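Reading through the structure tokens given below for one structure.
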Amino acid sequence: MNDAECLSHLLQVCARKTEEFVRTLDSKHMVWLLEIEEEARKMFSSDFNAEPELMPKTPSQKRRRKKRTSILPDENRDPSGRRISRRQSNASWSSSVRRLSVRNQNKANDDSIQEEPAQLKRMTRARAQASIKSTPVLETALPESPSQICQKNAQVKISEQERRSAEQKLIESDFELKTVPEITKDNVSETVNSAVPAVPVTPENKSRAAGKLKIAASSTPEQKAEMVDLTCESPRPANEQQLNLSNQSATPTGSKSDRRSVRRSLVVRKSSSRRASLASQFSLASKRESMTREAVRKSIRQSISQKKAAMEISSTSSQRSYQSSIEMVDDEITIKIRPETVPSETVSEEAPAAESPRRSLRSRAFKKIAISNLPDSEEPPRKVTRQMVAGNAEPTPETTEDAQNIRRKSYKRAVDELSDDERPSEEERSPPRKKTPSPPCPPSKIVRPPPHMKSFLHTVQKNQLLMMTPGSIGKNIIMKSFIKRNTPLKTDPKTEEKERQRLDALRKKEEAELQRKQKIEEGKKRKQEELKVRREERLRKVLQARERVEQLEEEKKKKIEQKFAQIDEKSEKVREDRMAEEKAKKKMTAKKQEEVECRRKQEEEARRLKVKQMEEEERRHQELLQKKREEEELERQKKIAEAKRLAEQERERQLLAEKERLRAEREKERIEKEKALQLQRELERAAQEKEQQRREAEERKKREQQERLEQERLRKEQEAKRLQEEEQRKAKEQAAVAASAPVMNVTVDMQNSPACESYEMTPKSCKVPSVKVNEDNYGMDLNSDDSTDDESQPRKPIPAWASGNLLTQAIRQQYYKPIDVDRMYGTIDSPKLEELFNKSKPRYFKRTSSAVWHSPPLSSNRHHLAVGYGLKY
């Protein structure tokens with residue numbers, strides 16, 4: 001039983017831990033993951049169809065003094081806010097038209113502005129509670145027609161795609177107005193004001209402040225942009241106040257009074273319920289909204305400064321500026337309608353009933369929310385002009401078509417007449433012109449846009465170039481011209497070359513300026529992010545300190561209430577109530593105990609059944625395990641028998657292999673022995689053959705020597721016979737001469753007489769060649785360049801040990817068994833330098849050479865150095 005309880009407790013703990021983990025995932029991690037996914041989707045799905053932001057300020061624009069205009073400008077003051085130029089008559093008509101439109105707008109807004117109190121008061125807790133109790137729900141009647149809304153509100157600038165979607169929304173709302181009956185006054189009083197956006201109620205839309213509308217700056221460069229919050233006047237819920245507080249973390253940009261009112265409003269707004277968590281206050285959504293606000297502020301300030309500078313330059317062309325100012329005024333008066341600002345009847349029919357309807361006008365500057373881009377509609381855009389709104393009538397097709405023509409005409413003219421800086425890029429992108437020039441056009445007919453339009457279009461095109469990606473170049477960068485150029489083509493090649501060089505230089509300057517601006521912008525962004533992080537940290541610390549103060553106040557309040565409760569408990573009535581409560585509690589506890597006991601019995605019965613089931617399952621499990629063990633044992637025995645059989649086979653195979661190896665070794669040894677015996681026999685036979693050859697050679701030499709001696713002896717004998725015969729013949733001749741000559745006075749030469757030389761006194765000895773005693777002494781001559789030194793035909797026979805198998809055996813034996821040289825010849829001692837150089841004269845330790853080295857005696861340059869140059873003797 002104890003094990004079953006432990007098991008159930010363990011299951012409960014696991015279930016609780018799992019629920020906590022899932023709750024943590026849903027409340028913390030999934031929020032961050034969803035926001036990261038949203039940011040990634042925005043990054044990868046941006047199509048660059050939205051209106052580009054204006055270019056950032058240059059350093060020269062930053063150094064200019066900012067002109068602060070009041071939130072409620074004086075109606076007698078010129079709203080342009082620029083200096084009176086020397087030629088003010090050119091733009092007087094356009095400025096007067098703008099002044100009249102601004103005065104009408106201010107008169108229409110006077111009533112709504114007076115509803116806002118002049119200054120926010122510091123509210124105590126009691127005053128806040130009293131105001132919550134006493135403030136009634138105000139009923140605000142809707143305006144009679146959408147023209148009143150358009151008159152009260154400032155101009156709303158939207159993009160072209162939002163204009164198309166608004167047109168489609170207007171068509172749908174007109175169709176619904178025809179089908180749906182009129183709404184009663186009671187329902188009208190409960191609906192939201194016309195400024196509330198008609199969007200479906202989603203968690204994302206609930207999290208934002210309801211009914212904020214972005215009122216951007218008008219086209220006149222002197223007006224300052226405002227954000228008007230058209231919400232209801234009843235007190236806000238706590239979550240909306242907290243969201244507004246997180247949105248106001250950015251630095252206010254209004255006047256000092258506005259900043260003071262912001263601080264007081266931060267002090268006044270204390271949450272009546274629990275505060276939002278820090279994750280919701282410092283989430284990516286609030287950071288994204290604050291970054292959007294900063295970007296819009298920057299773009300509005302830059303557009304105002306650029307338009308101011310452009311209006312000062314615009315006084316040069318009087319007629320062109322007159323015509324363009326008419327067109328620009330018409331464009332400025334045009335009201336661009338979003339789906340959020342459709343007529344009040346459509347809003348009241350489609351929007352759900354608001355929590356507490358209220359309507360207030362907040363004049364703090366640049367307070368807004370980012371509105372996402374709406375998808376393009378296939379319907380053509382339609383505009384409602386201010387003249388149509390003043391007539392309290394729906395826009396007729398004729399007026400709409402006129403407004404479209406005016407707008408299209410000025411747009412085409414502005415696109416066609418770009419500034420000179422942008423013209424080369426347009427010529428490169430446009431298709432090649434015709435070879436035949438167009439007919440000449442007088443300069444008076446050439447219409448150019450006003451300078452402020454030039455600078456605006458130039459800025460927009462630069463922004464488009466900055467925001468381009470490689471995939472969007474083919475779609476967005478090519479701007480096609482819809483108007484045929486009327487200026488004649490110049491065919492002067494020198495002028496064209498100069499123009500091309502000037503345009504190349506200008507393009508290079510623009511690229512360098514663009515890179516510099518990008519670097520400056522990156523530095524600005526990095527500094528702004530650092531400032532934003534510091535500001536958020538500071539705000540978080542302030543909020544934490546405020547929460548701590550509130551906690552201390554709540555603890556004090558709880559202590560006071562506890563004291564009052566202790567005092568009240570002393571009374572009799574409290575005691576009676578307590579006794580009654582105790583009786584009721586006892587009844588409830590008894591009832592609960594009975595229920596617990598019944599539940600315990602049921603649980604005990606269920607536990608008992610569960611234990612029985614578990615025991616049955618355990619028994620079946622044990623039986624299965626026993627069967628499995630038996631099967632495993634059989635399988636193991638089979639495996640062991642198989643392993644033994646395989647081992648026996650392996651052992652037999654190894655024995656056979658060993659026997660085969662031994663037999664192969666014995667066979668190999670036998671073959672080697674036979675080879676050695678055969679080699680020895682061959683060596684002996686070769687030695688015998690050599691010895692026999694040597695003996696035959698010696699015998700042959702002896703025979704040749706004997707034959708040579710015999711021939712020499714025979715030759716000498718023949719020579720001796722020939723000499724003897726010669727002498728005998730001479731002697732006979734002399735005897736004959738002597739016999740014939742007289743005997744007296746005859747001198748006889750005794751020296752040449754044959755009697756004296758009858759035999760050889762000392763015969764010449766012949767040198768017999770000595771026989772070699774040492775066969776290894778071949779008597780190799782020192783000069784080996786004689787004609788008999790031929791390796792193919794040596795003069796002397798090669799010994800047996802220097803060729804054949806004996807040489808191979810000797811080399812093999814010397815390789816495997818090298819000769820111990822130290823044992824044969826003894827160890828060689830290292831030489832002692834003292835014994836070699838034992839002279840002690842001091843001059844041997846000096847360098848006494850008188851040589852002068854002009855260059856180092858290297859081996860590379862030693863052979864070509866002259867003696868007189870290298871050494872002195």
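Backbone N, Cα and C define each Cβ position, glycine as well.
Per Swiss-Prot, compositional bias 'Basic residues' is recorded for 60-69 (among others).
According to Swiss-Prot, the compositional bias 'Low complexity' annotation covers 87-105 (among others).
Residues or ranges marked as compositional bias 'Basic residues' in Swiss-Prot: 261-270 (among others).
If you look up Swiss-Prot, you'll see 286-297 (among others) marked as compositional bias 'Basic and acidic residues'.
According to Swiss-Prot, the feature compositional bias 'Low complexity' maps to 314-325 (among others).
What Swiss-Prot records for 491-535 (among others) is compositional bias 'Basic and acidic residues'.
Taken from Swiss-Prot, the feature compositional bias 'Basic and acidic residues' covers 566-584 (among others). Within the chain, the compositional bias 'Basic and acidic residues' (566-584) has no long-range Cβ neighbours under 8 A that lie six or more residues past its boundaries.
As annotated by Swiss-Prot, compositional bias 'Basic and acidic residues' applies to 591-649 (among others).
The compositional bias 'Basic and acidic residues' annotation in Swiss-Prot covers 683-733 (among others).
Taken from Swiss-Prot, the feature region 'Disordered' covers 50-124 (among others).
Residues annotated as region 'Disordered' in Swiss-Prot: 237-270 (among others).
The feature region 'Disordered' is assigned by Swiss-Prot to 282-452 (among others).
The annotation region 'Disordered' is assigned in Swiss-Prot to 484-535 (among others).
The feature region 'SAH' is assigned by Swiss-Prot to 494-707.
The annotation region 'Disordered' is assigned in Swiss-Prot to 566-649 (among others).
The annotation region 'Disordered' is assigned in Swiss-Prot to 683-736 (among others).
Per-residue confidence over the region 'IN box' (782-856) averages 75 (mean pLDDT, predicted model). Using DSSP to sort the residues of the region 'Disordered' (566-649) gives these counts of helix, strand and coil: 82 helix, 0 strand, 2 coil.
When the compositional bias 'Basic and acidic residues' (683-733) is classified with DSSP, helix, strand and coil residues number 51 helix, 0 strand, 0 coil.
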